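Q: Handing you a structure now.
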Amino acid sequence: MDHSITSRGIFELLNLVGTFAFAVSGVMKAIEKEYDLFGILVLAFVTAIGGGTIRDLLLGISPVAWLNDNRVIYTIFIATATSTVFFSLVSKVQRWLTFFDAIGLAIFTIIGINRGIEKEFNEMICITLGTLTGTFGGVIRDVLSGDKPLLFRKEIYALACIIGGSLYFFARKMGILTHISEVLCIVIIVTIRMLSVRYNISLPIVRQPQQK
Amino acid sequence: MDHSITSRGIFELLNLVGTFAFAVSGVMKAIEKEYDLFGILVLAFVTAIGGGTIRDLLLGISPVAWLNDNRVIYTIFIATATSTVFFSLVSKVQRWLTFFDAIGLAIFTIIGINRGIEKEFNEMICITLGTLTGTFGGVIRDVLSGDKPLLFRKEIYALACIIGGSLYFFARKMGILTHISEVLCIVIIVTIRMLSVRYNISLPIVRQPQQK
Amino acid sequence: MDHSITSRGIFELLNLVGTFAFAVSGVMKAIEKEYDLFGILVLAFVTAIGGGTIRDLLLGISPVAWLNDNRVIYTIFIATATSTVFFSLVSKVQRWLTFFDAIGLAIFTIIGINRGIEKEFNEMICITLGTLTGTFGGVIRDVLSGDKPLLFRKEIYALACIIGGSLYFFARKMGILTHISEVLCIVIIVTIRMLSVRYNISLPIVRQPQQK
């Protein structure tokens, strides 16, 4: 019991760490685009809550989760304020941001899969919901920045969710304790992400034979 | 009673005035982008009903409001037809459009906050819902035009919603009559908007120290 | 009875044919943009299920249709795999793709209108829901590709939905058998589309008198 509460507490904390990292990536993008302070705040928000919002809309969960979670909202405000003020500093700790971002990616994937399991969807839908929760905040961020989504072009990102999420899903189905499955998923996703950034590994793209 | 009905009637009228102005801004953008007649109609629609639609989706209000409000739909059709036909004329009355747009912004902010109050959300969520209702139609318009959202870069716009909306929220919480709170909110938002356009006042942006 | 089951079976089959064609158009776009394999899959998905998803969200139907329809999901996977592998070949059968795409457009329009009729909306909303179901997958595809939506600029597309959809709606209201109305709608939409592509017919655009 005590143990379970602690592991819940750690999970919630990691969720806020991930939210923080996602919000910071929205701030960085908005500043790159020379958006004003309101634009910075909006991009921080959509990056942090976009994936979960789309998931909840698709599932018909309403109101969407963040409307009732002040901790998430305050975390985004704090992330926005600190990373805007200490912008130059933040640019220098890119490696740490990637690490926190990977933690967020893992936590969001787990939350998405859990929502799918609660609604009794099959493995394919559950893993899709997990991947979507982890990645679509960044897609909305890029669309609102006028960029092609980085997700579709950069190092392995969504695939990390799919692999880590699949392991998590089947671990839970096999009856492995939830928090052990979670640790497994987080370790896998963070490892894949850090290695793919470190060695600049991307998914293959399909070359067009003829130029347009 | 009589008085209340009249003030409801005025509010509804102003809502349609705002819808008209928002639709016209969609038409202007579509023409600028050389979109065809269908594109013009879609941009008029998403600009006018986009903010309210996202709000209703987030809150789980379904079907979304405009599906059951023919007056709004006909207003958008009329706005599209007249501003497409009299396009050259419309370009010359930009100042008036800004004024009507500001009225729409205020009305939409009030409606968004009211939805939040009905669902018993706190002040932060209510003001967010108001601002979102007022501003996200324009964001979708810009995304569908292939532009970076103007909202994040131009004169004070969302901030007008936040200030006017906060006043409205606290006026209502303090027990001030709804229609007095509304007048207060509309006057504040329209004044801030007209002054910021007149004197070209923007929110600060954060400069990047190094160029990419 | 037997007859009705058969015509249901054909309708379901045509729905999957349309889903296939829409997914392929997402794949082609993603490859043109040099997106990676995950980007290709996402664009295939949003093109095929985007219109229906937005319709279901607006109507408050949840979870959205495709989450419970594995046939649609597998069709998209198969479309993605085959058109990615046989990309060069697919580029050469553009005419056939346009034909299958037109079938999808017609089926999706019919499904959208049926949802509207079930919810007892008027003709205007029903036809809007049909058009939206048919066309908005392509709009999302283009937005995620960083392009201005083709829908607003190319040969007659949405107008085919509006004309075919109107005929379908009024045929059903006049008591004509559902599957006869469907055949009528499909023939009209496919004919309009094939002719407008063949003769490169577009909706008029409004010229701006002065340059910006």
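Backbone N, Cα and C atoms are what each Cβ position is placed from, and that goes for glycine too.
Below are the features I grabbed from TrEMBL:
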- B:13-87: domain 'Glycine transporter' (DOMAIN)
- B:99-172: domain 'Glycine transporter' (DOMAIN)
- B:12-31: transmembrane segment (TRANSMEM)
- B:37-60: transmembrane segment (TRANSMEM)
- B:72-90: transmembrane segment (TRANSMEM)
- B:96-113: transmembrane segment (TRANSMEM)
- B:125-144: transmembrane segment (TRANSMEM)
- B:183-201: transmembrane segment (TRANSMEM)
Q: Before we move on, state whether the transmembrane segment (B:37-60) and the transmembrane segment (B:183-201) share at least 3 Cβ pairs under 8 Å, counting only pairs 6 or more apart in sequence.
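A: Result for the transmembrane segment (B:37-60) with the transmembrane segment (B:183-201) is no.
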Q: Short question: most Cβ pairs under 8 Å with the transmembrane segment (B:72-90), which of B:12-31, B:96-113, B:125-144, B:183-201?
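A: Comparing B:12-31, B:96-113, B:125-144, B:183-201: B:12-31 has the most Cβ pairs near the transmembrane segment (B:72-90).
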Q: Report, as numbers and ranges, every residue of the chain located at least six residues beyond the transmembrane segment (B:96-113) whose Cβ falls under 8 Å of a Cβ in that stretch; write 'none' if there are none.
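A: Cβ under 8 Å, 6 or more out: 11, 14-15, 17-22, 24-25, 51-52, 55, 90, 126-127, 129-135, 137, 157, 160-161, 164-165, 168-169, 182, 185-186, 188-190, 193-194, 197.
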Q: In the domain 'Glycine transporter' (B:99-172), how many residues does DSSP call helix, how many strand, and how many coil?
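A: DSSP classes over the domain 'Glycine transporter' (B:99-172) add up to 60 helix, 1 strand, 13 coil.
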Q: How about long-range neighbours of the transmembrane segment (B:183-201): same chain, 6 or more residues beyond its ends, C-beta under 8 Å?
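A: Residues 14, 98-99, 101-103, 105-107, 109-110, 155-157, 159-161, 163-165, 167-168, 171, 176 contact the transmembrane segment (B:183-201) from elsewhere in the chain.
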Q: Counting each residue once, how many in the domain 'Glycine transporter' (B:13-87) are helix, strand and coil under DSSP?
A: 64 helix, 1 strand, 10 coil
